[in-house]
Amino acid sequence: MRHTLFISDLHLEEKTPSITAHFLYFLKHQAPKADAIYILGDFFEAWIGDDNQTPFNRKIIESLQTLARTKPTYFMRGNRDFLIGQRFAAMTGVSLLEDPSVIQLYNKPVLLMHGDSLCTLDHKHQAYRRKIMKPWVQKLMLSLPLSLRRKLAKKFREQSRRHNRTLSYEIKDVTPEEVNRVMKEQNVELLIHGHTHRPAIHDLTINGNPTKRIVLGAWHHGGSVLRYAQDGSFELQAFKIDL
């Protein structure tokens, strides 16, 4: 049956070859069968600018380029790869999506988000997010030498890890009230997002109507894909390959 695939939170980087291998397997064996592929943020562990053309980054860009030649491929930036820009889109052939975006998925309106904006109890991250999403801040960051951007990215990741270790389970998750607010505002019955690394299908009720929130999984222990079929059925699928 015709279907569309959704992935997020691969956190690709050179020092995790297992994740890269799972992504390349996904491109070869799963993506070619889909109508379209949506990547909902944190595809890279860190992205410091489209001008950072390392051998590893070029390898991933070329793999996306091969995919996008034959399949519509959509890319939403996350909190780890928010500096991805139009040059990256031109090099890969992907179409960039704003966060949030409402798409028509087999004639059904579906809200797509990365998901970090839903975690409103994490006040420190929300303050950080408001800063880094300002165009002038991004322009300033991209004007810095690559060597300095690498150091800053490393510093930000270390700070993020330390911060996350101090948070409770509830604070690191989405806020139900914010989910309800956003879904009401966008007038949708289905929300798909990543970020929290807690793959699940949540049944909700909004304005008396049954709704669903699908959370995509991270790729630290294998591949994680949402398969959404033309008839409205869907499944979160995990897979592992022998390395």
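The backbone N, Cα and C atoms fix where each Cβ goes, glycine too.
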Quiz item: So Swiss-Prot lists D42, N79, H114 for Mn(2+) 2; which of H163, H195, H197, H202 goes with them?
Solution: H195
Practice problem: Please pick, from D35, D122, D242, the residue that Swiss-Prot records in the substrate site together with N79, R80, S160, N164, H195. | Solution: D122
Practice problem: Report the nearest neighbour of H195 (Mn(2+) 2 binding site) in space among the binding-site residues D9, D122, N164, comparing Cα positions. | Solution: D9
Exercise. Would you mind ranking the binding-site residues N79, S160, N164 by how many other Cβ atoms sit within 10 Å of each Cβ and giving me the lowest?
Key: N164
Quiz item: What other residues of this chain sit with their CB within 8 A of the center of the CB atoms of D9, H11, D42, H197, the recorded Mn(2+) 1 site?
Solution: S8, L10, G41, G78, R80, G194, H195, A218, W219, H220
Quiz prompt | Those binding-site residues listed as D9, D42, and which of them has the most Cβ atoms within 10 Å of its own Cβ | solution = D42
Quiz item: What count of other C-beta atoms do you get within 10 angstroms of the C-beta of H114 (Mn(2+) 2 binding site), across all chains shown?
Solution: 25
